[in-house]
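According to TrEMBL:
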- HIS395, HIS400, GLU453: Zn(2+) binding site (BINDING)
- GLU396: active site (ACT_SITE)
Amino acid sequence: GPMADTQYILPNDIGVSSLDCREAFRLLSPTERLYAHHLSRAAWYGGLAVLLQTSPEAPYIYALLSRLFRAQDPDQLRQHALAEGLTEEEYQAFLVYAAGVYSNMGNYKSFGDTKFVPNLPKEKLEQVILGSEAAQQHPEEVRGLWQTCGELMFSLEPRLRHLGLGKEPSLDSEMTSKLKSYEFRGSPFQVTRGDYAPILQKVVEQLEKAKVYAANSHQGQMLAQYIESFTQGSIEAHKRGSRFWIQDKGPIVESYIGFIESYRDPFGSRGEFEGFVAVVNKAMSAKFERLVASAEQLLKELPWPPAFEKDKFLTPDFTSLDVLTFAGSGIPAGINIPNYDDLRQTEGFKNVSLGNVLAVAYATQREKLTFLEEDDKDLYILWKGPSFDVQVGLHELLGHGSGKLFVQDEKGAFNFDQETVINPETGEQIQSWYRSGETWDSKFSTIASSYEECRAESVGLYLCLHPEVLEIFGFEGADAEDVIYVNWLNMVRAGLLALEFYTPEASNWRQAHMQARFVILRVLLEAGEGLVTITPTTGSDGRPDARVRLDRSKIRSVGKPALERFLRRLQVLKSTGDVAGGRALYEGYAAVTDAPPECFLTLRDTVLLRKESRKLIVQPNTRLEDSDVQLLEYEASAAGLIRSFSERFPEDGPELEEILTQLATADARFWKGPSEAPSGQA
């Protein structure tokens, strides 16, 4: 039949990258490795709950795939599939689908919540499954799994295309009448617990083992509370664990685990399970520490008067970690947790950048590097990583760490000298400031986070021109110039790519940091003199394309003064709490129109046309051999990703599949009317 709409498939040439944490792992002590290993096991076990949280069919699909690939690895199954009459393309499409299910812990994309289906005819996939080694060994079970999930695996019926609430089904009265229940607004409700008990039992066993290797009492108490939370179902215990977690400052092995993020839940309240283990990147941390040590000097280089700078530099809470394990529906590039607001107010939070995830996000194959000139592509590939490290350090530490807010406290006292401080934009004394109880977020509300991202990104672009900064990161001479060029070029390209996140219908931006990059692109275009040019072209496929160019010789002479003026305005408006001025400036640059010469709305169509699918990420496994922890790495391909999952649960794979199908079958009655639910003969 006709292939699915491309929105609902993963392309055969989808990017697949391996998460590199070999160096960070190598630097761990034997005890730290054991601690990391057991926490990783806990995370991987818990991550299986996401299958049950995603869709009725996901647990069955996972169980089916796991059986297939346990009996035959991707290469062995390929021989069988080709013999059954599949083409190489069709078999590859199946591998990509399987890899996608493992990566997203379900058959919906974790970013965007869109369903994806196999990009090959259903009959052909059925032949492969029913003729597989797994089906010959266990014909009943494999056939049962396929009967339970085959239809739903391929269905693109409108209600199934995206996660979200449909019309609410009526309660199944037979069930409620049997259970003791609460009355609420005339409806009966029953509160139960234990949904994921057999999965969480395995999580708890691993947390108990990890506790033996904890580095300090904070970690030990944190794990004790998590164990309590997962055993009893107590949110309060998870909060207490999170409090100990925040107090465990700068550990070598960092982790967090539980039902954390609620943005996938249509009600916006139920947490999706995730668990991660990450390791301090000691080499990167040393560079960031040197940057902090030079902060007092470097802040003097910023283009605003000393009165607009804090009296003493306060280092923002920021750590760069390399992920060893991230189990759940997807891997973010950074985290800012916990999500409990009361804890954030009293105890604080942790702001963590996941360095090796960022490295994957930016490592692009040459043929997928959109919108760049051919001769820029080689430089870009060579210097993207290093320039990114410089930009992240400057952005997080000196960007967010710089600048002062002018405040009048509840007693009427000012934190600046009203007589002598002059606004460099007006030449007059300071006319506005923050009153007691006002904050940056409360005053600038809807633009606050994007404006601040833009200020931090601009500080990075501005300070990367400083030789001392590049020296800290180990670059000088021609190499330093290349790092600067690629950092600026990347910002210009990122500003163009950001258009994907603008919604013309609502005239709004869906992501703060994307909007911030577009604003910087506008500022650099406005600088004129050919510093930045965007040229519409036609691609080799005859469809619209574009090229961005940055004139390297004009970065300092044209780019720097333009950025300097813009950055000074951003800071002065922020310091003085001038919301009207800040909005006018920022929203002016953030407006997307089709006005020439750039015609951004037309360019947005080109950006959407050339958009690359989100990469799949292959993660390593850790294995305990005697008392030694080994790191097992896999190739960056769909087959490598599948192998990593086939080897993830060597002791209890079949038992886990049994647990998942049992839990899914127990849940089935809640998904639809009892007659239509997957029957789960498996």
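Including glycine, each Cβ sits where the backbone N, Cα and C put it.
Annotated features, which come from TrEMBL, shown on the structure.
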residue	record	contacts (Cβ under 8 Å, 6+ apart)
HIS395	Zn(2+) binding site	ALA456, GLU457, VAL459, GLY460
GLU396	active site	PRO316, PHE318, ASN351, SER353, ALA456
HIS400	Zn(2+) binding site	PRO316, PHE318, GLU452, ALA456
GLU453	Zn(2+) binding site	ALA512, HIS513, GLN515, ALA516
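Taking the centroid of the Cβ atoms of HIS395, HIS400, GLU453 as the Zn(2+) site, the other same-chain residues with Cβ within 8 Å of it are GLU396, GLY399, GLU452, ARG455, ALA456, GLU457, VAL459, GLY460.
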